[in-house]
Amino acid sequence: MAGSVLSDTEAQRSGYPNGKRGGWITFPFMIVTLLGLSITSFGWVMNLIVFLIEEFNIKNIAAAQISNVANGCLSILPLVAAILADSFFGNIPVISASAFISLIGILLLTLISSLDYLRPRQCETGSILCQSPSKLQLGILYAALALVTTGAGGTRFTLASAGANQYEKPKDQGSFFNLYFLSLYAGAITGATAIVYTQDNASWKLGFGLCAVANLVSFIVFVYGKKLYRHDKPMGSPFTSLIRVAVAATVKRKAVVSSKQEDYHSGLEIETEISDAMPSKSFRFLNRAALKTKDDSVNSTWRLCSVQEVEDFKAILRVLPLWLSIIFVSTPMVMQTSLMVLQALLTDRGLGLHFKVPAGSLQVIILISASIFIIMNNWFVYPLCHKLTHKPLTPLQKVGIGHVFTILSMSISAAVEAKRLKTVENEHPMSVLWLFPPLVIMGIGEAFQFPGNIQFFYGEFPESLKNTATSLTSLVIGISFYMSTALIDLMQKTTKWLPDDINHGRVDNVYWLLVIVGILNFVYFLVCSWFYKYRNIQGDNEQVPKDVST
């Protein structure tokens with residue numbers, strides 16, 4: 001664990017015996033912060049497409065594209081925050097600053113929804129000619145979106161690693177990750193239901209205002225709890241050592257790789273006291289970076305690296321093929337969620353006499369389903385698998401199960417859309433309830449895949465890159481949003497499947513195409529998983545030696 005940057009005397013004043021910080025006493029502060037920020041971010045992002053269409057007169061597909069870009073930024077920025085936390089500031093200052101930036105952004109969105117001159121005039125009923133937003137209005141809108149995405153991106157996954165850093169035992173860290181995801185989904189469900197319903201049925205001003213209150217409370221609570229946290233000490237840029245390994249291996253590319261342990265640099269002053277200083281056999285080319293030659297000295301850091309630095313670099317390389325497979329399963333998922341909002345707008349969303357399901361809230365079905373199955377997995381499914389097979393599910397096995405459910409969800413979505421198009425021809429809108437089954441199945445897949453990804457990256461990455469590791473899943477989702485945007489644009493240019501009015505398109509064909517991509521990607525994932533060798537973990541809370549095969 002990273003050392004505390006605060007003195008023992010200060011720690012004792014905070015009520016910790018023996019000058020220690022962290023532990024479960026920090027849990028309420030972390031979780032309340034996560035809840036507030038989740039309510040805020042999901043409260044505006046879930047209904048963004050509807051907000052752009054209704055308040056800024058932006059066309060349907062264009063609104064979906066803007067939403068994808070915003071979601072992409074929301075998912076890519078955690079990597080930037082993680083690098084800043086790992087390299088320079090530590091995660092506690094990064095979370096504090098990001099929560100404040102998010103607060104400024106949501107206040108600006110509240111202001112936009114409150115002042116008429118910051119939005120274009122609403123379309124007249126029955127008119128197809130609508131006033132477009134001015135450059136100034138779009139500029140202010142994009143500034144607000146940039147602030148809220150930066151703030152949310154800087155906190156969501158950095159909070160995961162900051163929370164895990166409060167515990168010494170892997171079992172406690174695993175428990176925190178489970179509670180972290182449940183809290184994340186609880187905040188998301190609240191934002192996607194209560195906040196979105198308020199925006200649709202009361203006013204956008206009140207909905208965004210409630211988000212601002214939640215953001216403010218989370219910021220105050222997190223800052224107040226800082227005296228209790230175990231603060232991680234930034235280690236300088238870990239990426240520098242990765243670059244040095246590549247440079248040193250390239251410079252000494254003609255050197256003969258040795259099979260003797262004493263020929264390699266352990267990184268410590270007394271080489272003879274080092275055990276296990278022999279680099280692994282995988283990626284043997286990189287072993288030259290730690291190979292001692294007559295032209296090297298301990299101070300020549302760009303010619304001679306430690307065995308541990310070489311192994312850290314190899315760990316990153318081993319993860320990359322699997323990381324790519326996660327991108328190709330996430331892209332269809334984000335396309336599916338965007339398209340389902342557009343589908344929901346064209347269905348009968350009435351439930352009972354007085355309630356109408358907000359289109360932006362439809363994705364809450366995924367969150368509820370995922371939350372239920374995260375609990376079921378940890379209390380029933382995983383223990384049962386352990387009992388039947390006498391070994392726990394590995395993280396990659398969990399991710400693979402998630403792949404299967406995702407492909408099944410897209411298949412059902414294709415069938416449901418085909419049925420919806422038939423109801424359009426009969427002039428009888430299909431009930432929105434038909435969209436629920438694929439969303440439920442997608443949530444089941446996410447319950448396996450999302451925690452499995454986090455557990456995999458957190459366990460396999462070097463100690464100096466733990467914040468970066470937890471942000472990689474978010475980065476995957478961000479890239480997927482951009483790939484989804486590009487794919488939608490390509491389909492619009494090359495096919496007639498995605499017109500602005502999807503009643504005249506073939507969204508079902510889009511889903512079937514995604515099913516084919518998902519199946520091909522799943523085969524690729526299975527191949528990569530078969531050859532992957534775990535570095536640190538085998539399954540739930542079970543430690544294994546390095547280079548033990550799955």
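Cβ atoms here come from the backbone N, Cα and C positions, even for glycine.
According to TrEMBL:
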TRANSMEM  24-53  transmembrane segment
TRANSMEM  65-85  transmembrane segment
TRANSMEM  97-118  transmembrane segment
TRANSMEM  179-197  transmembrane segment
TRANSMEM  204-225  transmembrane segment
TRANSMEM  322-345  transmembrane segment
TRANSMEM  357-380  transmembrane segment
TRANSMEM  430-450  transmembrane segment
TRANSMEM  470-490  transmembrane segment
TRANSMEM  510-532  transmembrane segment
* To do: State the non-local partners of the transmembrane segment (510-532) in its own chain: residues 6+ outside its ends, Cβ under 8 Å from one of its Cβ atoms.
  => 318, 321-322, 325, 328-329, 331-332, 335-336, 339, 396-397, 399-400, 403-404, 406-407, 410-411, 413-414, 417, 491, 497-498, 550
* **Contact set, same chain, for the transmembrane segment (204-225): CB under 8 Å, 6 or more residues outside the stretch** => 26, 28-30, 32-37, 39-40, 43-44, 47, 51, 55, 95-96, 99-100, 102-103, 106-107, 109-110, 113-114, 151, 191, 194-196, 198
* **Annotated stretches the transmembrane segment (357-380) and the transmembrane segment (24-53) touching (3 or more Cβ pairs under 8 Å)** => yes
* To do: Please work out which recorded stretch in 24-53, 97-118, 179-197 has the most C-beta pairs separated by under 8 angstroms from the transmembrane segment (65-85)?
  => 24-53
